[in-house]
């Protein structure tokens, strides 16, 4: 689950980290009031969406009057912001962050992720702040500094100081960086984060360090023990199909192809997508119906897949273990009838009662193509999607 910038900064402040004074508002009038509360004669207004690239898309602006802040809020609230990280429809803006202006002398980068290879939290720092860190890592990997956190003792101040020296910081900046480093590490662990970024972490004109941005992603599998963070969830930022799928415990991720995929098991689902791609097709989604491929779940899965207008054919790939394939076939037939599927459906059943399941499908009289193997299924669905 992603957090908005203002929510991330709220957590930063709770851990004593330096952030700008600001207010998240949802009306133009509140934007003007926020300027009064903050004081000064310059403010930064930022549209709040779960996507990067807001500045280039016009979603971040320096304003010098309350009227300009009010106008910016009126321009974006209720609208969609399109950036290079969103689709063509963009993300809806329901909050504007109004905060004090910061005089920037230099921009740095500081972030942390869970590194699966080392099974540790790894911090990354760079002098190349304010830009796409993936691009820096690809083009100039030597500019990415790393510090691995030992889970037994946690982040240590000396690790922060070492990074600070490598970044060229000096004097009080070293101590400030070490404090930010340790604070972020504690925040990461306490809240079960999967990713954390401060980009940029800036050196202000007076020499002090300041967290100018906040990007936080929480491990969805740990949300049950983060009740406070559940209240931070903004459903308007979710993909509508993915949100609907979650209600039925279906794991769905929208893609850009035209072949809908419905599979039981994440590994089999990924393998199915690979073999479809191998035979010249493009998957429209990842969808794992889980171990219990019941009629209700299959029906909802069909509804979700077919809500994508790009889908020209559907591949159902089910391995029957505890659940018998003939029962799964009955569920597929019932779902196809209920939903009124108009596109070709290719079904590959394997496992418990697979032959009986194929017979049930063949006798249904519906536009369902029974595949004899995974390769056959991929070839059949690619042909069907091409209208052959």
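In case you wondered, yes, glycine gets a Cβ from its N, Cα and C as well.
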In Swiss-Prot, the substrate site includes 321, 322, 323. Which of 251, 258, 264 does it also list there?
264
Across all the protein chains here, work out how many other Cβ atoms are within 10 Å of the Cβ of residue 55 (ATP binding site).
12
Among 322, 323, the binding-site residues in question, whose Cβ has the most other Cβ atoms within 10 Å in this structure?
323
Residue 54 (ATP binding site) in three-state DSSP notation:
coil
If I restrict to non-local contacts, at least six residues apart, and a C-beta distance under 8 angstroms, what lies near residue 102 (ATP binding site) in its own chain?
20, 44, 202, 204, 210, 212
Using a Cβ-Cβ cut-off under 8 angstroms and a sequence gap of six or more, which residues of the chain neighbour residue 53 (ATP binding site)?
83, 84, 85
Any idea what DSSP makes of residue 46 (ATP binding site), helix, strand or coil?
strand
At a 10 Å cut-off from the C-beta of residue 107 (ATP binding site), count the other C-beta atoms across all protein chains.
18
